[in-house]
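Summarising the annotation, Swiss-Prot assigns Ca(2+) 1 binding site to D29, D31, N33, Y35, E40. Annotated Ca(2+) 2 binding site per Swiss-Prot: D76, N78, D80, K82, E87, in sequence order. Residues or ranges marked as Ca(2+) 3 binding site by Swiss-Prot: D120, D122, S124, Y126, E131. The Ca(2+) 4 binding site annotation in Swiss-Prot covers D164, N166, D168, K170, E175. The Ca(2+) 5 binding site annotation in Swiss-Prot covers D208, D210, S212, Y214, E219. Per Swiss-Prot, domain 'EF-hand 1' is recorded for 16-51, and the stated evidence type is sequence analysis. Residues or ranges marked as domain 'EF-hand 2' by Swiss-Prot on the basis of sequence analysis: 63-98. As annotated by Swiss-Prot, domain 'EF-hand 3' applies to 107-142. Among the features that Swiss-Prot reports, domain 'EF-hand 4' is placed at 151-186. Marked as domain 'EF-hand 5' by Swiss-Prot: 195-230. Taken from Swiss-Prot, the feature domain 'EF-hand 6' applies to 235-270. The feature phosphotyrosine is assigned by Swiss-Prot to Y214.
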Amino acid sequence: MAGPQQQPPYLHLAELTASQFLEIWKHFDADGNGYIEGKELENFFQELEKARKGSGMMSKSDNFGEKMKEFMQKYDKNSDGKIEMAELAQILPTEENFLLCFRQHVGSSAEFMEAWRKYDTDRSGYIEANELKGFLSDLLKKANRPYDEPKLQEYTQTILRMFDLNGDGKLGLSEMSRLLPVQENFLLKFQGMKLTSEEFNAIFTFYDKDGSGYIDENELDALLKDLYEKNKKEMNIQQLTTYRKSVMSLAEAGKLYRKDLEIVLCSEPPV
């Protein structure tokens, strides 16, 4: 049995498989909060520097603080002082690089919601393992990337392990949305405004005046504005248009049904 001193290096500049990428992530994201930050980030950066020196890649500056600042400016895309898993995927070369593959083909939040609508076939608010497999298969075909059944199974299991935070074998919309680029992830904007089922039912009933069970685009506009005002958050016209377009991707023929909007706005998807 290998002792502590015999552990393999966690960071190197060779090509990585999806599983190896996940191992590196989990090693540095010690508290499992979905980010590398603080001491975790320092440890990650020190390992990265060692790997670069070992492969002959040298930084311009010898000062650790300056190097770290330069590194963060390059890779911390949303400037929050943390590195997210998807940001890390751009730093570490991976053989499959499925996260970048995903982003290439589902680049906007509206496209993401359309894809979600297609694969959440039972409208449960989750994509389960078998639905996720179809999702990834489609993406790989679009990218013209050859794969076999075992490889597809590995991708599916790896993404489940990455994003299935509660380990129930399925991914909720907010979990899956972490695959989106940060600037496109409109669902992050709703994180602090998640509603209970009772709160959601009250606000939906208010805007669904005729009790039809759905609202249209204009009613959604008013509902989103109302939600933002109640939470004392600012939203400009451009943001409103983007959010509305993304949410309306779940609609059928311009009709946004209660269950679909509940997936976006509720703290727990409908059961």
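Note that the numbers count up from 1, one per residue, in the order the chain is shown.
Backbone N, Cα and C atoms are what each Cβ position is placed from, and that goes for glycine too.
What Swiss-Prot annotates, mapped onto the structure for a quick look.
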| residue | record | CB count, 10 Å |
| --- | --- | --- |
| D31 | Ca(2+) 1 binding site | 11 |
| D76 | Ca(2+) 2 binding site | 16 |
| D80 | Ca(2+) 2 binding site | 12 |
| K82 | Ca(2+) 2 binding site | 17 |
| Y126 | Ca(2+) 3 binding site | 20 |
| D164 | Ca(2+) 4 binding site | 19 |
| K170 | Ca(2+) 4 binding site | 20 |
| E175 | Ca(2+) 4 binding site | 20 |
| Y214 | Ca(2+) 5 binding site | 19 |
| E219 | Ca(2+) 5 binding site | 16 |
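DSSP gives Y126 (Ca(2+) 3 binding site) a strand state. Considering only the binding-site residues D76, E87, D210, E219, E131 (Ca(2+) 3 binding site) has E87 as its nearest partner by CA-CA distance. Per-residue confidence over the domain 'EF-hand 4' (151-186) averages out at a pLDDT of 74. Closest to S124 (Ca(2+) 3 binding site) in space, going by CA atoms and restricting to the binding-site residues D29, D31, D76, D208, is D208. In the structure as shown, the Cβ atom of E131 (Ca(2+) 3 binding site) sits within 10 Å of 19 other Cβ atoms.
Just so you know, of the binding-site residues E87, D120, D210, the Cβ with the fewest other Cβ atoms around it within 10 Å is the one at D210. Residue pair D122 (Ca(2+) 3 binding site) / Y35 (Ca(2+) 1 binding site) shows a Cα separation of 31 Å.
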